[in-house]
Amino acid sequence: MIEFDNLTYLHGKPQGTGLLKANPEDFVVVEDLGFEPDGEGEHILVRILKNGCNTRFVADALAKFLKIHAREVSFAGQKDKHAVTEQWLCARVPGKEMPDLSAFQLEGCQVLEYARHKRKLRLGALKGNAFTLVLREVSNRDDVEQRLIDICVKGVPNYFGAQRFGIGGSNLQGALRWAQTNTPVRDRNKRSFWLSAARSALFNQIVAERLKKADVNQVVDGDALQLAGRGSWFVATTEELAELQHRVNDKELMITAALPGSGEWGTQRKALAFEQAAVAAETELQALLVREKVEAARRAMLLYPQQLSWNWWDDVTVEIRFWLPAGSFATSVVRELINTTGDYAHIAE
């Protein structure tokens, strides 16, 4: 299995280095749910600004403040502790008057707004995230500048970031041990993390192999293509390749790669043979996913950061802004720009 740092680059390995997350203010994330609170209902949506706090810690503190069980507070996604983040938490408080959440006090946190909502906020129920990153001590400005220009046109590999695999790859290692021993795993969180790491690693491997081809975005017979921004896909046939290639070039369609699991992967013929060959050596992880009935799915092979802009503060410091859809990783954008240094270079966003 290829480690994250050794995965194939779309724009070639960066020529320079830079410091990511010199301080939390250098990594700002604003969650975009894609909808507004209903204004009524048994739940309360709370938008919180956090600095130096992880999501679960804040959720538990909010539950304690509201005198409800911790399981009654949910969120759409985990956000990094070592960053400045805005995100929504959701508390189920039925049949009660609206509490004064401006009185909620927690070091590093500030309540920005809150309102009633009809439905629970579930994991993954967000549109995306807006990022503002500051890269410092950049050693090669010209290389980073050209890469930013190229990313606007060609995007980046839609890899799952190193954080998906746990500190030091612990989640992937856990999945491998589980696959090899067949010992039941009772802990629901471990099961979820390990299965997710296994499937993500196989996806990354398939994409890394595809990126070694001369024309990465060339549609081949049997490719599974996805309408940009949609979840469903269809299979490309030889007769349609020219027309479909035009739509891929226009970014109307996206070539996808497999998230292996039980059931059909989605590709056929030449494309399916390629994907199967790319992960042929990873029989244990594939068997684990089938055994645990993790359903196969698809994910876009490339990621196009939206609203991408940048501003050089000086020759060694650049501020970069962009928006990514839910499930995408900012660190997978950064790895195409610089070789990152710093204690938190691979920590989750």
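Every residue gets a Cβ built from N, Cα and C, even glycine.
Small disclaimer: the values here were computed from a predicted structure and weren't measured.
Marked as active site, nucleophile by Swiss-Prot: ASP80.
Reduced to three states, the DSSP call for PHE329 (substrate binding site) is coil. Swiss-Prot lists PHE27, ASN129, PHE329 with the feature substrate binding site.
The average pLDDT the prediction assigns to the domain 'TRUD' (155-303) is 92. Summarising the annotation, Swiss-Prot assigns domain 'TRUD' to 155-303.
The helix, strand and coil residue counts that DSSP assigns across the domain 'TRUD' (155-303) are 73 helix, 24 strand, 52 coil. The two recorded residues, ASN129 (substrate binding site) and ASP80 (active site, nucleophile), show a Cα separation of 13 Å.
In this structure, the CA atom of PHE329 (substrate binding site) is 12 Å away from the CA atom of ASP80 (active site, nucleophile).
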